[in-house]
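Enquirer: Supplied in structure tokens, the structure appears directly below.
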Amino acid sequence: MSGTPRSRLSLYLDLIRWNRPAGWLVCLWPTLSALWVAADGFPGWHLLLVFVLGTCIMRSAGCCVNDVADRDFDRHVKRTAQRPVTTGAVGVKEALAVGAVLALLAFGLVLSTNAATIAWSVPALLVAIAYPYAKRLVSMPQTVLGIAFNFGIVLAFAAVQGRVPAVAWWLWLGTMFWVLAYDTEYAMVDRDDDLKIGIKTSAITLGRLDVAAIMLCYLLFLSLWVWALHSRALGALFYIAIAAALAQALWHWRLIRQRTRAGCFAAFRVNHWLGCTVFAGIAGSYLVRHLQSNG
């Protein structure tokens with residue numbers, strides 16, 4: 001290992017997981033899907049830019065808070081032992097300052113939308129801050145993560161329509177099951193370490209039912225999205241995308257069924273493609289409809 005000191009920029013990029021995009025991509029695809037549904041098609045460049053940048057920035061801010069909250073646990077977990085806050089390369093106050101700056105940048109983006117979005121951004125921020133501490137209090141902290149990650153859906157409808165209709169909450173609930181699925185896969189990677197240090201996760205709570213529960217969550221996620229959007233008459237592309245997403249879920253079963261660290265981590269890292277597939281089906285369906293109506 002090189003003894004050359006790392007630059008602050010390098011440490012900050014490591015702190016916010018800049019080189020590991022899977023974490024913000026799983027937040028981004030449901031948010032973009034909600035934007036398209038709320039706008040009944042392309043939402044416009046302004047909102048697209050706000051939500052793409054906002055998702056990336058807030059996920060990065062969340063990493064700062066998470067690493068501060070978990071610093072005493074992370075040093076005992078092989079995967080997280082070298083995180084900047086855990087090693088002391090970035091101080092606690094410094095990490096929180098980075099997170100605060102990022103949160104302010106995200107709020108600046110929200111201010112360019114409307115009053116409803118601004119109002120909903122407050123509970124979104126509070127839940128994001130609360131999640132890292134949920135692992136000490138609840139047996140399924142992934143549900144709290146789901147609430148935090150899924151606020152993008154709520155904010156998308158608020159930004160487009162100025163309200164959050166029932167369909168948004170059905171999509172929110174469906175995506176909750178997706179978060180439970182992929183973050184349980186993630187938790188399975190660290191299960192042995194988490195048992196030793198007393199962290200609560202869905203992988204520990206579910207025990208030998210973990211794989212079955214994950215597959216059920218994938219099924220509920222896709223089923224609820226189909227049910228919520230069936231009245232939108234999105235057409236064949238949407239259902240082809242849902243079928244492709246289901247095929248990916250079955251592939252994940254092959255990756256996680258032996259419960260190996262490598263298999264579970266691989267399943268988590270490619271999960272964003274499942275969300276991307278659903279978004280592609282939705283965006284493609286609206287594009288086809290637009291072309292047909294103007295053809």
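Each Cβ is built from the backbone N, Cα and C atoms, and glycine gets one as well.
Pulled these from Swiss-Prot:
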type     : residues : note
TRANSMEM : 21-39    : transmembrane segment
TRANSMEM : 95-115   : transmembrane segment
TRANSMEM : 118-138  : transmembrane segment
TRANSMEM : 140-160  : transmembrane segment
TRANSMEM : 164-184  : transmembrane segment
TRANSMEM : 209-229  : transmembrane segment
TRANSMEM : 233-253  : transmembrane segment
TRANSMEM : 262-282  : transmembrane segment
Enquirer: Is the number of Cβ-Cβ pairs under 8 Å between the transmembrane segment (262-282) and the transmembrane segment (140-160) three or more, considering only pairs separated by 6 or more positions?
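Expert: Touching, no - the transmembrane segment (262-282) and the transmembrane segment (140-160) miss the threshold of 3 or more Cβ pairs under 8 Å.
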Enquirer: Is the transmembrane segment (95-115) close to the transmembrane segment (164-184), in the sense of at least 3 CB pairs under 8 angstroms with a sequence gap of 6 or more?
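Expert: Counting Cβ pairs under 8 Å, fewer than 3, so no.
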Enquirer: Return the stretch with the most CB pairs under 8 A relative to the transmembrane segment (21-39), choosing among 95-115, 118-138, 140-160, 209-229.
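Expert: Looking only at 95-115, 118-138, 140-160, 209-229, the most contacts with the transmembrane segment (21-39) come from 140-160.
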Enquirer: So which residues does the transmembrane segment (95-115) touch in its own chain, when a touch means Cβ under 8 Å and the partner is 6 or more beyond its ends?
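Expert: Residues 12, 15-16, 46-47, 50, 53-54, 57-58, 60-65, 67-68, 84-85, 121, 125, 155, 158-159, 162 contact the transmembrane segment (95-115) from elsewhere in the chain.
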